[in-house]
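Trainee: If you look up Swiss-Prot, you'll see G40, H41, T42, G43, S44, G45, K46, S47 marked as ATP binding site. Per Swiss-Prot, the feature domain 'ABC transporter' maps to 3-245.
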Amino acid sequence: MSINLQNVSYTYQAGTPFEGRALFNINLDILDGSYTAFIGHTGSGKSTIMQLLNGLHVPTTGIVSVDKQDITNHSKNKEIKSIRKHVGLVFQFPESQLFEETVLKDVAFGPQNFGVSPEEAEALAREKLALVGISENLFEKNPFELSGGQMRRVAIAGILAMQPKVLVLDEPTAGLDPKGRKELMTIFKKLHQSGMTIVLVTHLMDDVANYADFVYVLDKGKIILSGKPKTIFQQVSLLEKKQLGVPKVTKLAQRLVDRGIPISSLPITLEELKEVLKHG
């Protein structure tokens, strides 16, 4: 499922004394089966774009096209509902949205809300809970009895149970320790390898380098760079000027260059750095 934004602008609280422009004439494509990352400083417009992709916001001007279905300023909620089924949105700290009395019921709620039978919804819930690493002995537990990391996995399973074709992740590993973050990113990697389109908002440049295949860089509501991670992270000075930084190995390689060691193309992953050091 591909997504396209054409001349999209968005204004919060339009027509009030508090109105503020969040996006300016955004044009972008998210290709079917891609792993696209959005990076930018706080207030750059990343989260607004995520909510446009899912239909939580409609554009003030322009068109958001999801699998050739257009969302405009005049779109009605019933027209957008099918898009929300196909584009799953995982907010920061999604565990805050858990509410059912058991883990299984919570994950099954979403598909039932879209008209799936209780039996099929339970089967989907069991499948997706297993996918995110929640063992069956936890299915009848109250979600709030679980650890923070487990609660987050349950919340993500609830999104996956609705069988989206696109998974939009807004800082999905926020607050997790390195082990928990790596485990969660590995789950998303496997989903991508299975054919799901992944959209990631993150401030962790190492995750962008290791997982994404395309990157958009936002600043003050505008796209200032776009391209493959390898290309984007060559722009060290610009990214640092925008307070974004680069992957750790890229920063190390740049220091070597600054000391006179020739490196034709800065590495962005540990594997690339090893190759650079090996071949000189």
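Note: Cβ is positioned from N, Cα and C throughout, glycine not excepted.
Can you tell me where each of these features sits in the structure?
Mentor: Under the DSSP three-state reduction, S47 (ATP binding site) is assigned to helix. Non-local contacts of S47 (ATP binding site) by the CB criterion (under 8 A, 6+ apart in sequence, same chain) comprise D170, V201.
Summarising model confidence by region, the domain 'ABC transporter' (3-245) averages a pLDDT of 94.
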Trainee: According to DSSP, folded down to helix, strand and coil, what is H41 (ATP binding site)?
Mentor: coil
Trainee: If you take the centroid of the Cβ atoms of G40, H41, T42, G43, S44, G45, K46, S47, the listed ATP site, which other residues of that chain have their Cβ within 8 Å of it?
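Mentor: Result: L218, D219.
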Trainee: Looking only at T42, S44, the binding-site residues on record, which one has the least crowded Cβ, with the fewest other Cβ atoms within 10 Å?
Mentor: T42
Trainee: Determine the minimum-neighbour residue: among G40, G43, G45, listed as binding-site residues, which Cβ has the fewest other Cβ atoms within 10 angstroms?
Mentor: G43
Trainee: List the same-chain residues at least 6 positions away in sequence whose Cβ sits under 8 Å from the Cβ of K46 (ATP binding site), in sequence order, or say none.
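Mentor: Within the chain, K46 (ATP binding site) has Cβ neighbours under 8 Å at F38, I39, G40, D170, V201, L218.
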